[in-house]
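Peer 1: Quick one: the structure is below, and I'll ask about it shortly.
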Amino acid sequence: MSPLDQKNKPRGGADDLPPEIDLEDEALEEIVEPTGPDVAFTAIDWTPHAGDAEGMVGAEVIQTLVKRLPNAPGVYRMMNAAGDVLYVGKARSLKKRVTNYAQGRFHTNRIGRMVRETSTMEFVVTRTEIEALLLEANLIKRLRPRFNVLMRDDKSFPYILLTGDHVSPGIYKHRGARSRKGDYFGPFASAGAVGRTINSLQRAFLLRSCTNSFYENRTRPCLLYQIKRCAGPCTGEISHEGYAELVAEAKDFLSGRSQKVKTEISAAMQQASEDLDFERAAIYRDRLAALSHVQSHQGINPATVDEADVFAIHQEGGQVCIQVFFFRTGQNWGNRAYFPKADPALEAAEVLGSFLAQFYDDKPTPRNILLSRGVEDQELLGEALSTRAGRKVTISVPQRGEKKDLTDNALQNAREALGRRLAETSTQGRLLAGFAETFGLAKPPVRIEVYDNSHIMGTNAVGAMVVAGPEGFVKNQYRKFNIRSTEITPGDDFGMMREVMERRFSRLLKEHGDVAPNDAASAEAGDDIEDDISGSFPAWPDVILIDGGQGQMTAVRKILADLGIEDRVVAIGIAKGQDRDAGRERFFVKGRDSFSLPVRDPVLYFVQRLRDEVHRFAIGSHRARRKKEMVKSPLDEIAGIGPGRKRALLLAFGTAKAVSRAAIEDLRKVDGISEQVAKLVYNHFHES
């Protein structure tokens, strides 16, 4: 039977739309330890020796360590008096490298500042320089030392997953550990790119995207079947053999055999036309159009590059942009721009080399890495990545041909992305200066935190915090707060905001104390603070912006006063104006009457943008919590049943209801379910 011989009777409805499944849930995401060789080392703790140096710091204290260092490869850490890691480095010879620091002759101000702040060092000796490089990259990502080149926005990449653990495989977006059986395609540059591709692939191959439990409980096809986005295998609208053909075609397309798939579909369309089956021919036509839509969004699809990541670096205005393009199976899966923190005095080769080592610390490595320019220790880096991947990884700088065109295109994108960022940073700086003037701040704020709540009649209440700074929104600093208190009256926004403030600033005091990081850094760095770009983003806010009026501000100020930090943080309230019109907002600042800003004031637009962003984040967090609550399973209530066992039980029995009816002997047959766990599940459903 043809995969497209489907029943045409309208059997689904709008209320039958299946719940979306997204395997990107960060709560379920596993942490993947980087694979590779075991790093054998001998730890040498020189801290007691440094402590005997009677308060010596800088080159003087480093000199006391050099004579006892081995002439062997390894990794070193430089730390200040507070125990903060300043720098992590690797060396072919620890003795020779540290001797350079001990001599007190520095090539740059950055190294001079770093050495002057050093009060102790720690060392790890490795078997090879390759192991030292891998360990260095891992430590830099974990410790984020001030004076290293640091990656930012290092979220893992999303993939497309075609499952292999069900008779009717589904297509999903996946991020995190590849623990589920199936075929993974990617990486993609963004979750949006994955979503668009999956939408087009569903139109082309009619693959399901519902949960297994939803699939098992269907008695009629859902809405996706009616709009020709699914073949309806759940209710037998297509045979298992026919559906398997569609899955095989999807795998061929994602594996780079797109021309073969398009040729076969085109031939089937021609045959349907000759048979005067124009309805079926139209379905094939739409499938071809969907495939063309996927490829039109891929841009460059090289003929001679099957699998490669392309990197290009551009430096300008004291900042760096590294553009990355991903090519798999001859297809362009997108690109992403990175803006690592790096001293402007560093050469591009050093920045790019350090970036690559950190980039692949926890990501799969392709067979080819193409660079716009060479990097330091390029051969060593290639050997290290090959060791980690368990196969040959080639790093090259193309000089001609299609590969050179790819690196040139990446370099052009890097230039344009950095140009846009420099323009945005300049504009952001002017806005922050205007913000400080408008609200009477001594200097432009470095960290602004914006807060809001979202709920429906008090249910699934969520507090949200977004963060903005000189470079715009800092999304890796965003936080959400699930409202926990049972004493808050449903819908009590004041009570919710009190809980959010208490949790946020109590934790901040516990983790960072009552010391302003900016002030401490300034005192330490002295006159060189202007040049020290390596300082981390501050944890303490200069300003908190509350979406609310006088009542909200009263609650917030009381919390800040109770915690003893009312004078540390400037709190500003923003209330919707008359008729809730944008432009009529009123602002509440301590010591001043409420006031409004001129309708066309750039600072007003800036504050509105901050408020809109926290609205978006709060509403999205609330919807996610509400959705999770709606699809909650009785299995979630059983202690000891986590996501893995829950998935195994649902795969075996189809539904939670079927699990509740199962005997202990049947439960024990499921992979991962011991006799003890089986009794736990059985007793949960059969307690009188």
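Note that the numbers count up from 1, one per residue, in the order the chain is shown.
Quick reminder: no glycine exception, Cβ is built from N, Cα and C everywhere.
What Swiss-Prot lists as compositional bias 'Basic and acidic residues' is 1-14. Taken from Swiss-Prot, the feature region 'Disordered' covers 1-20. Taken from Swiss-Prot, the feature domain 'GIY-YIG' covers 71-149. What Swiss-Prot records for 259-294 is domain 'UVR'.
Looking at the shown structure, can you explain where the listed features end up?
Peer 2: When DSSP labels each residue, the domain 'GIY-YIG' (71-149) comes out as 33 helix, 20 strand, 26 coil, counted as helix, strand and coil in that order.
The average pLDDT the prediction assigns to the domain 'UVR' (259-294) is 80.
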Peer 1: With DSSP as the reference, give the number of residues of the domain 'UVR' (259-294) in helix, strand and coil.
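Peer 2: Its residues fall into 33 helix, 0 strand, 3 coil.
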Peer 1: Which sequence positions outside the domain 'UVR' (259-294), separated from its termini by at least 6 residues, show Cβ-Cβ distances below 8 Å to it?
Peer 2: 2, 4, 197, 200-201, 203-205, 228, 249, 252-253
